[in-house]
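Chemist: Here it is, the structure in full.
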Amino acid sequence: QVVVSKNGVERSYDKLIFATGSNPFMLPLPGADKEGVIAFRNIKDCETMIDTSRKYKRATVIGGGLLGLEAARGLLNLNMEVDVIHIADYLMERQLDSQAGKMLKEELEAQGMTFHLQKNTKEIEGKKRVESISFTDGTRFKTDLVVMAVGIKPNIALAQDAGLTTERAIVVDDFMQTSAPNVYAVGECAQHRGIAYGLVAPLYEQGKVLAAHICSEGQSLEHGYEGSLVYTQLKVSGVNVFSAGEFQDAEDTKAIRVHDEFEGIYKKVVVRDNKVIGAVLFGDTSDSTRLLSMMRNEDDISGMSKVALLPSESGEAPVSPVVAMADGDNVCDCNGISKGEICSAITDQGLTTVEQVKQCTTAGRSCGGCKPLIADLLTLTTGEDVGNAPEPMCGCTEYTHEEVVAEIRELGLSHPREVMNVLGWESDEGCSKCRPAINYYLKMVDPIKNADDPTSRFINERVHANINHNGTFTVVPRMYGGVTNADQLRKIADVADKYNVPLLKVTGGQRIDLFGVEKEDLPKVWSDLGMRSGSAYAKALRTVKTCVGEQFCRFGTQDSIGLGVELEKKFEYINTPHKVKMAVSACPRNCAESGIKDFGVVGVDGGWELYVGGNGGVDLRGGDLFCKVKTKEEIIDTISAFMQYYRENARYLERTSHFVERVGLDHMKKVVLEDEEGRKALIERMDVALSTGKDPWKEIVEKEELQQEFKKKQVEVLS
């Protein structure tokens, strides 16, 4: 029993464990050996991606599975244009059903990825370095980097040379023993009962069995390794996806489904013989731990209401899944940390925060998906409601929104990457939650010095148009106060004809939307329209809706149109934590729906009433009467002060309706109406921010270099 190294060093052994892992599988394509063609497996691959992004802009990922999508998100964070090639008809087909795969595609397209499904790669082209990639359907497009993420290949060369029994991997029994005595294998290089696992959780389970077997000193163990329940959680920022077990429909299974298109949530639980055997969760994965425990324990659910399998959808008060977990159940599968280990650490070490648990046990230090469970365990163990503590901005940091803003002010930080570096972000690139928030806070704190970072924005805000489900865009030109004229209407009609716009629609915001514009046509459409951007895609002022007013209406007491136009022109390009809508009604009949806007103005005899915090969306909320004023100057000053306080103190993506409820209407009246000096300072800071506003459409039309974002990739047909 001897091991010989390549340098001839010999070492005897009593027990030998193969943990040689796997190698990335590279498609045997012509040109796969060219410079710029890599796998996505190790630090060197990541460094290559980073270096490439400094010189080149176009990247192609082959493989729309778990690893490929994580690679694609990383390339987007490096400000590269990313195409994902996938052979199947939907993404992650090994982990998701078609509905979840479709929703995932739409979500990632909104982040900026471009997908080419049911596409077979034929050749990687170029001289020394990759220059283009061609496909079996006769198309090709240019690319500067190709990342292959199409699977792994167990590293079994040494085992084969040693004469061990191998198939796809090294064949092992229930105690991880190979065909040779005293030789074992675990992890990606091992094949147990015909299955080679490519995930970390099975390795922990195999390792525990192997350790017990080796330490048993010849005594027979009652149970060996019986295989692992395979589950997956996608680690792409801003996307919550979970799948486990058998999630596809079959003749002998039944399923419970919940699909909320408004919230982007999809849940599916598959049952056979009164046992949960699989699940797919998209958008809300809070039920994952409980469902996983039910699958592992093979719980009989015959006495349970099937709707109760998804309690957050059944109307019942949700109970944390950690309550039903056994001490031996893993809370953190990435690092193999159980509920019992975490509870013991909390009790023995006196831990009181999630961050302390992470440092002490390593739970939550990898993907971070178990942080809510850790918080629940802290509450369960200490009796303190950790859930009511201020939430961190995202999983990349323990800093709250308020703390990040305070640090930006105190340290004079000026760029998102600087913020993440100085404040010790766990992810160098941040995520889709924190990067847009940081970008907003920087501009809010110092609108003159701190420049906008387009890479920290979603696709809609980067291209200044709303993306549609088919990849086209919607153009929404500004119509101040909902007022237009014959010249604007002619231009809209001419543009619709010239660019074959399939749908023109009058919206509730009193504008005309042009649906179905191709991305490469956007700058030309803006130029031909000659109108300003309506900011329908932005966290900014959207519209100021008005009624006809005193000019024509026999009930109107005030000039609602004139005031609405003036308000919209003043505030049209001010960035806010979330979208802002205003309305001006000339009388209490309220035809402009001022009572359900962020800022509503209603004309009354002798003046105006101002309402704040209204919302006409999913969470319907009537606006609160804020004050009564006599002049439009008072209206503008009050809205300026209120909006600036909202800009400075609301959390990113917090609507005014939630903000007013959180801080209280009386508090808002005190700082905006009663504190004269504070009100004056708020208005002055608002004026500074307003001075930096500009029409993005006009800027792009006038600057050729800004139009590169909209250029269409050249696709050639192979001869």
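Cβ atoms here come from the backbone N, Cα and C positions, even for glycine.
Just so it is clear, the model here is predicted, and its values are computed rather than measured.
Heads up, here are the entries from TrEMBL:
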DOMAIN    5-192  domain 'FAD/NAD(P)-binding'
DOMAIN    232-298  domain 'NADH-rubredoxin oxidoreductase C-terminal'
DOMAIN    331-378  domain 'BFD-like [2Fe-2S]-binding'
DOMAIN    393-443  domain 'BFD-like [2Fe-2S]-binding'
DOMAIN    470-530  domain 'Nitrite/Sulfite reductase ferredoxin-like'
DOMAIN    538-677  domain 'Nitrite/sulphite reductase 4Fe-4S'
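In the displayed structure, how are the listed features positioned relative to their neighbours?
Modeler: Confidence in the domain 'FAD/NAD(P)-binding' (5-192), given as mean pLDDT, stands at 94.
Across the range of the domain 'Nitrite/sulphite reductase 4Fe-4S' (538-677), the DSSP-based residue counts are 53 helix, 34 strand, 53 coil.
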Chemist: Count the residues of the domain 'Nitrite/Sulfite reductase ferredoxin-like' (470-530) that DSSP assigns to helix (H, G, I), to strand (E, B) and to coil, and report the three numbers in that order.
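Modeler: Grouping H, G, I as helix and E, B as strand yields 27 helix, 14 strand, 20 coil.
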Chemist: As a quick check of your reading of DSSP, tell me how many residues in the domain 'BFD-like [2Fe-2S]-binding' (393-443) are helical, how many are strand and how many are coil.
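Modeler: In the domain 'BFD-like [2Fe-2S]-binding' (393-443), the DSSP-based counts are 28 helix, 0 strand, 23 coil.
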